């Protein structure tokens, strides 16, 4: 017993030292990230091997005599001219202007991982036909669209053309590399294979290959091929080197975006001579800005933009991935490019992209646009659209690590009412649970969680509690016992349950790649299983990269084993998506499939948009972190993840009051709006600041809540079409080169342009208003400005430049109450901003704000408002929808209007009625008072 007690004491000390070390990093707020904890490309052996291959003639040749053309795909064998290993290329034309390329081993020693559960369905194909052929190439025509694919045999290459214009080339630089599986080397002096240096995999069909000497030379094992060590961690690599890589050349393209998550510029940078962009979900403490290091999530989607074309590349691989970017115009200034143009330079701009992944197959979708909105639709057709969030989740969220107890929560709740500040959600971090045992409540601090939740519900507010995917190893903890007994944990390579260190101390990690595990997890959110939960409790998934304090790079060992025998290296980047998926499914199931979920996740992958919101992780209370939140969320929006935000105020350190105010002002115009703070920071609820800062924050909150109908409509459009809510300016103005690198301002939909104030002590900002023959109206003063131009605008502590584009109509709620649920039946005010042609258009989506009835019962309204010829018309934009609602039109504000002699309202079946109005000749603003018509009815208002 004494020995057992001593071991237990050592384990407690070990756990404490690890947690203190973790906290030391978090609390050592003068320190930046310790880069030595995270690999560079040179320290990642497969990246180093892949990157050592230089451009040249590819060693791969297509064997055209093996070409087979079926109804859905073309297949052809590829051979490596040195190793003689055969691969199989599967090429598919897809509907909606897409092409899919898959390359795998023809006869693998064991199957290679193919990423499941990301695509919403098998994409419908467009038939390929052979339209030309010679000894070294085949020309293929895609049945849908004016596209051709040229397959060149030697060296292997693919070219995609529209008519005679080259859109994209594959393997044009000869950088394709596919590390085939092989038997580990056996030293000559050893006669027993078990005595070899590498781990011996199980015998599988295909064993017994006898490579020729040329093959052996080509397959010479480099350091890290069969075993790799990083710091104190060893990766056994029982299946040897299995990396894949491929290059893509984009002629005519200079501007590329996407592949989040990185704390870097919106426009991706050239990586030659530096580090590639890394995609490997990691818990990075106090991440640095303006570098390509990996962060919490990975979306392997890249967008390329030019004046005349947009393209997308979706690299479907869940393993560690690096992306190299090169350009033949890198280093040239805008003046230099203009000079080339004026002098008739024949050099076509080109960007080259190189993808490198540690395992899996090559599986890539080429999305051919031609417009960026086409690319958005194409990607959404593959991986799904942004889930329609419940209305409350678009309101303001108040969080910190941690609110102490029930009394603290209720005091914060009351504080918002006492200071006339709206709030929808209060959050609880890890301290709310009993000893970090998730699905429980601390019996001392939160003895009556149902009473607390009921009190919040009476205020029409919600609570979010954290549920992380690491489970305390404790024989008295029901969650752990069930997972262990059902064999649902991730395993070590020897078959035991994997254990690592995280917040609870020793923890095991549920294997979310297992459908049984996901079903079990979802069931845990039922009200019977999650004691103390209620319908107004929602969930936050943190640490789901997964974070392992004592693991390599603060994550799981790559040779850990998942469902189906797959290694963690194969599935790493999809783990967080599975956690998000299972949690969202659990919240849906607990309501019998009626209620929409809200789940925030830190880790993500392609497809995560279907399950909820994400955020930019543990940022810092510094002005540069405020600035970087814009390109970080814009990059996510471009690849489908619209529901993004950054911790308002910064997670680490204490923000000065001015910074906190500016962060609220920016957060009010970002999709996910949550203030959050570290355990060691001072309390920063808005009413704790001096009155002038309180007033500025209150104004920001009011702006957010008044725009909720607009936000909700934008999210419905994102849900239906796949269009981003928060957009770079270039998305709306694809031919305006001035917008291509702008990342300090952005648009919401096509209507609002926002330029946050992100410099300390700023008295003004430079705002670029794009668009030939566009007009922009300041939403506060209604002053009209013409585009394109750059304006210097003075700002005060309480102001932030926001403009409404002429030609748009924005619906608003003007009666701000304590929460969104208190406002959902309030009347609407329409803000009509007229274009120079005197026209405008906008939409309004309404439903009950929280159920799936808009889908299952068509209980919704989608209204279209159009202004033309001095008439404002309301009509249904989707006749399938129907909704009984008390909401009516309270007011119409028309910017850019002259004074009419009369204003007349017409509704079906009713006589004309005159409306009272007020006109300001200085601002050209016309206000129509109380039309009094139902938002659900058809009507028209005529200015005479």
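Note that Cβ sites are derived from N, Cα and C of the backbone, with glycine treated the same way.
For the recorded site, residue 602 (substrate binding site), the DSSP three-state label reads coil. Residues or ranges marked as substrate binding site in Swiss-Prot (evidence: a large-scale study or a structure entry): 283, 429, 602, 676.
Sequence annotations record features per position, and here Swiss-Prot assigns compositional bias 'Basic and acidic residues' to 207-236.
Non-local neighbourhood of residue 97 (N-linked glycosylation site): 144, 145, 147, 367, 368, 369, 370, 374, 378, each in the same chain, at least six residues away, with C-beta under 8 Å from its C-beta. Residues or ranges marked as N-linked glycosylation site by Swiss-Prot on the basis of experimental evidence: 97.
Marked as phosphoserine by Swiss-Prot on the basis of similarity to another entry: 52. Within 10 Å of the C-beta atom of residue 52 (phosphoserine) sit 9 other C-beta atoms, taking all shown protein chains into account.
If you look up Swiss-Prot, you'll see 180-238 marked as region 'Disordered'.
Of all Cβ atoms in the protein chains displayed, 23 besides its own lie within 10 Å of the Cβ of residue 676 (substrate binding site). Of all residue pairs in 283, 429, 602, 676, the annotated binders of substrate, the farthest apart have Cα atoms separated by 17 Å. For residue 283 (substrate binding site), the number of other Cβ atoms no farther than 10 Å from its own Cβ, over all displayed protein chains, is 25. Of the recorded residues, residue 52 (phosphoserine) and residue 602 (substrate binding site) place their C-alpha atoms 33 Å from one another.
For the recorded substrate site, residues 283, 429, 602, 676 set the reference point as the centre of their Cβ atoms, and the other residues of that chain within 8 Å of it by Cβ are 401, 466, 540, 542, 543, 617, 618, 651. Looking at 429, 602, the binding-site residues in this record, the fewest other C-beta atoms within 10 angstroms of the C-beta turn up around 429.
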